[in-house]
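Pulled from TrEMBL, these are the features on record:
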| type | residues | note |
| --- | --- | --- |
| COMPBIAS | 1-13 | compositional bias 'Polar residues' |
| REGION | 1-32 | region 'Disordered' |
| REPEAT | 41-134 | repeat 'Solcar' |
| REPEAT | 146-232 | repeat 'Solcar' |
| REPEAT | 249-346 | repeat 'Solcar' |
Amino acid sequence: MSRQAKSSEQQPSKQRRGRKKMDQAQKAQQQQAVAHAPIEANALLTAVAGALAGAVARFVVGPLDVLKIRFQVQLEPIAAGVKTSHYTSMRQALVTIVKEEGIKGLWRGTVPGQLLTVPYTAVQFVALQQCRALARQYGLADSPRWQSAVPFVSGALAGAAATVASYPFDLLRTTLAAQGEPPVYATMTDAARGIVRQHGVRGLYRGLGVTVLEIMPYAALQFGLYDVFNKAANSARVRLDPAQADEAPSSLQAFVCGLAAGMLAKLGTHPLDVAKKRFQVAGLARSARYGQRVNPEAVHTLRQVLHDIAVKEGAAGLFKGAMPSILKAAPSAAVTFAVYDMCMYWLTLRDRQAAAAAAAAGGEAPAAVAAKPTARSPLH
């Protein structure tokens, strides 16, 4: 075969390879455009993503939540060698609960806990989105004076709104998780009826004021610090590789930033959480083997409760359950932010594809698509 014939055979093959490389490059470019197409999620998508994120996080940290509540409502010291204390350490409490109540005891209050978490996180993320939209509308988000305060104030208002929307389930979750064996109430419905019978409908909102006082600084710190950590991580990423300036934060970044924010927020507000739990279980007639019961007469005001704890149980009493609480809050916040981030990515995928196609065709983006930095960083 002549050299000319071989060359003519190789030429179509090279052309095919060249076209294939061009197609692959074009496909990668399209995927990049879809990933970074700006999108403003509506309230429904935000609520769905928030609810799913909260449900996953609640199930993952359920046992730590039960440990935290048992420690917080125990009036006796939590220390090794104290014979009057039913729970003396995390390990001992874990073993004791499994021994006395079985593995299911570690997930006591899961049903009301999920019923609490789903509306709570849905309302929280929607309220957060609306607060930040208002801040942008009035120019506060870009104001040097208010810019740094917007995430903290938005988080506080979102936390308050979510608490009011879901509070009865919080009370029922705490009651069922704290009661131990034999249970005072067999089911969530029994607990609701018993509380209404004993305290009236207002009983389902016992401790709401304290909870709002506790959740506002907690949510403010959680969301505010999450934004601060994310901005710091983005800046560090761009410094290391300027080519990543336009790339969205990864789910791993959301997880790590959420972990740090949740841990610090919970540590800073833990004494208020202890007081809240005392309000919620006041008068609960659980078994005497768990120690003294919280007397309803002792929980008239937040100041009184905090003072009594500090005087009778020492400063350590204000931080009862702090370790399982932090161990719970950090992964809970991390899982919530990471799952929310992932859900928002997939729930808005179709709109981003439409936005990328419109941009490629030189047309206008759909009405649902608005100016937003990235689809995978909906909180900042």
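A Cβ is built for glycine as well, from the same backbone N, Cα and C atoms used for every other residue.
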Item to complete: For the repeat 'Solcar' (41-134), jot down how many residues DSSP puts in helix, in strand and in coil.
Response: 71 helix, 0 strand, 23 coil
Item to complete: Tell me, roughly as an integer, the mean pLDDT over the repeat 'Solcar' (41-134).
Response: 87
Response to the item:
Across the repeat 'Solcar' (146-232), DSSP labelling yields 71 helix, 0 strand, 16 coil
Worksheet item: Which numbers of helix, strand and coil residues does DSSP report for the repeat 'Solcar' (249-346)?
Response: 79 helix, 0 strand, 19 coil
